[in-house]
Every structure is written in structure tokens, then in C-alpha cells.
């Protein structure tokens, strides 16, 4: 922001590079553009002899930095809002677990438009049973199923090279289906196997962070470089994944050592027999390293090693972790109070409109009707003689009425009659049209 402000203040409206500065400002947030617009003095001309202006190359670099900074700022805001929604949701679930009414009550209403059909079937009672009773058990059952698949994958990765006897469980399932010519079973077994392997591989790509620069962000907040990097990883991981699946099911001739009809993948991509040291060594024993990876993941060895090297990591038995937890709780409480104040203000405004909305219209009509009465009353009063006014609010109003009214000629020689006690000291004007000071001094006798 400081660099953009400095460039915007130095390059005035009639400078040749002002168009480039305007292009940079358009990429900034709206509130920042308004603040910059108020601080600009476009009436000042630029002087090439006194000021040093940035070059076009530096403006291009600044434009690139602004685009990246704005995109990162928006992405951080969206991620913060997602985390807040998750925290509020978990708090609501914890509060509703002890509810006696068995109806799910939200602390804050959803900002998104709710579908009427979904809300008709997904009532607060149904939501309470799903969120507080069924969903935890569903996650437990799903965890057991996925853990079983993981054990099968690890076992098959370590034993898929054994053809006699066949130890790979995926190969056993496929061969049993081949004997009975059950093609539907074969298709389902292959689909579930490749589907689970794809989830394991691609979920890692979705969570990977390369120096916190290349990573996928939710809600369409991923930058172009991270998309290209992730797409490159997907393209590189898909062929080995397919080849690994053929090895687990013994459909690859390199593993089964049988002269069978090659698969479509092998006929296009080729076979590993071309390089014997890879086909007989690396291709066989390298998948066994998945056991070491599983052990390191279970005991969080990578996180502990980074923590020992000085890189702060989130760990359960660390003082930094407890400080971060306390700080996070305070941030959630602050945001919760802020959102509660916003909702209370909106509710008060809504109640005010519902309660006094019709009254405002009637009051407005009453005010208009009163103004019309006052205007008609003033018109009728102006037609009356000026002598009817015994007291007015000010001299300016009396002078205006006197000039606009067809009053009788002023008698400056008449005797002074003081009808208004409040004007006795001024000695200037009387309601009957007499000037006391002038009548005493006989100034207008010759006139």
C-alpha cells in the first residue's frame, strides 16, 4: 500500500504514465481506491526537473505485486470465514448435544439462501438427530471401512510380486471373479480399488503445501500458479497409479509372468520389461516403503523432526500449541461477539421498520397536510390590515410583511403611540406604521 500510495502521489494526472497507475489502482480494493482518491491533488502539474518518477518496468513489477497481494488477501479472508463457520458449527453441536427439546438451534442464521424443499424435510428435529446422534456413528463406521481398505492396500503393496501363492488380496478377488465369469463383480471390484487408491493419492495433492506458496485453496481462491503446479502433479501421478493398480491385481504381464492379452494401458504406455533392473528390482521392492510411510504418519515423525530443527509445529505437548489454542479461543469469542452485535442491530432495525413503518407514512402525510394548512393560514393573514399585528417575532419578518402588503400610507407626523411594550426601548417601529425616532426629529417635514 505504501508503494502504491507513493507512486500515485508522485505521478499526477497529466503524466504519460498516469494510465499505468490507474490500471494498478483498479486492482486494489474499493476502500483503498476511495482513500487514494481523497488524497490525490490532481490540480498539481508534474515537473520533470524536480521529481524522479518510476520507470515503466518498475510499474509492471508493482502491478504484479499488487495482483498477488490482493489475491492473497481475499484468499485469507475467505479461509478465515470458513474457519469461523466451522468453529461456530462445532460449538452449536456441542451445545445441542445436551438439549432436552431435541431440536437443533443455531447460534447464527446462515447467510446463504436456504432451499425451501430441503428445509421442509430437514427440520430442526431431523437435524438434531443427524448432527448429534447419527453423524458421529456414521463417521465411526466410515473410519473402520477406510481403515480396512488401507490395511488391504498396504498388504497388497508388500506382497503383490508373489504369484505362487497369490498373496495380494485385490488379485485374489479378481481371480475369483474370473473363474465364475462374473463381469459385474469384476467391474465393481476394479472400480472400488482404483477409486480408493485415487482418493489416497489425490487427497495428498489437495493438502500438500510447497513452501506455503503452491497449494489448493477452497471456494475458488487458488491462484493460477498453484493450479498449474497441481495439474502437473495430477498428470504425473495418474500413469504410475494406473500401473500400480495393474500390478496389485496381477493384470500386468511383468508381475504375473503369463503370456496373456495385454491391457489397453499396457498396449499404449508399454511394459516395464524394457528396463530389467527396474522391472525386477525397483518396481518390486519400492512399494514396500509404504510401510515406513504409514509408521511415520501414525507417530507424526515428520512434525517432530521439524520441531526439533526449529520449525514451530502444532503438537499436543508443546507450550506454543497451548498458547495458540488460547489465542484461537479468544479470536473466536471476539468474532462471535462481533457477529452477535451485528445481528442484534439488524433485528432492531427490522423491528423498528415493522413497528413504525406505517406510522412514518402517516406522519409524513400529516406533516404535509399541516404545511398546507399553515400556508393557507399565512395567505389569509396577509390580506388583513397591518394594524391587526400587535406583536411579531422579529424585525425582519415585520419589514418583509410591510413591503409585501398593501398597507395604508405611513403617517410620520402622527403622534407616537407605543402599543408594544417590548419595542418601547428600541424607538424604531410601531405596529401602526409609525417611526418614533423620525417623528420626533421632524426629518421628513419638507418631504
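Cβ atoms are placed via backbone N, Cα and C, with glycine included.
Curation does not apply to TrEMBL; its annotations are automatic.
Range annotated as transmembrane segment by TrEMBL, chosen from 99-117, 118-136, 137-155: 137-155.
Annotated range for transmembrane segment in TrEMBL, selecting from 52-73, 74-95, 162-183, 184-205: 184-205.
Feature annotation (TrEMBL): of 242-261, 262-281, 282-301, 302-321, the stretch labelled transmembrane segment is 282-301. Here the transmembrane segment (137-155) has Cβ contacts under 8 Å with residues 167-170, 196-197, 200, 248, 290-291, 294 of the same chain, all six or more residues outside its ends.
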